[in-house]
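Structure first, then comments.
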Amino acid sequence: MSADLPLVLVLDDDDDTAALLGMALRRRGFRVVVARSCEEGRARLADSAVDALVTDVSLPDGSGIELVASTENKPRGIIVVSGFGGDDDREKSRAAGAHAHLVKPVDVARLVSTLNELLGRPG
């Protein structure tokens, strides 16, 4: 049964944020794998059937937005999370291929509803 649950890659170098998002998503019926760098995120995307990506913008070895832009086989749902939510920030996320841009601190209910919508799951 758990293999039928959507797999979400949470890409964030902040341990607390990654743990909080991972725990919240697991409780709401997602499988979660966490990566803490662009390099690790690329590896996870390459070797896992990831359904959705939730990525921070600022990572120790690059930008989550650049990772999204450079990913060839993009997950069905891509959400960028950032401390900035201006029109320019949102447009950069969209231009890279993200489906949504959420501002930190992330509202978990909004994150879950956005993921459900992107993945075609009932809310």
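Going from the start of the chain as shown, residues are counted 1 onward.
Each residue, glycine too, has its Cβ placed from N, Cα and C.
A TrEMBL annotation is a machine prediction, not a hand-curated record.
Per TrEMBL, the features are as follows:
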DOMAIN    7-119  domain 'Response regulatory'
MOD_RES   ASP56  4-aspartylphosphate
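Residue counts for the domain 'Response regulatory' (7-119) by DSSP state, with H, G and I taken as helix and E and B as strand, are 52 helix, 29 strand, 32 coil.
If you draw a 10 Å sphere around the CB of the residue listed as '4-aspartylphosphate', it holds 24 other CB atoms from the protein chains shown.
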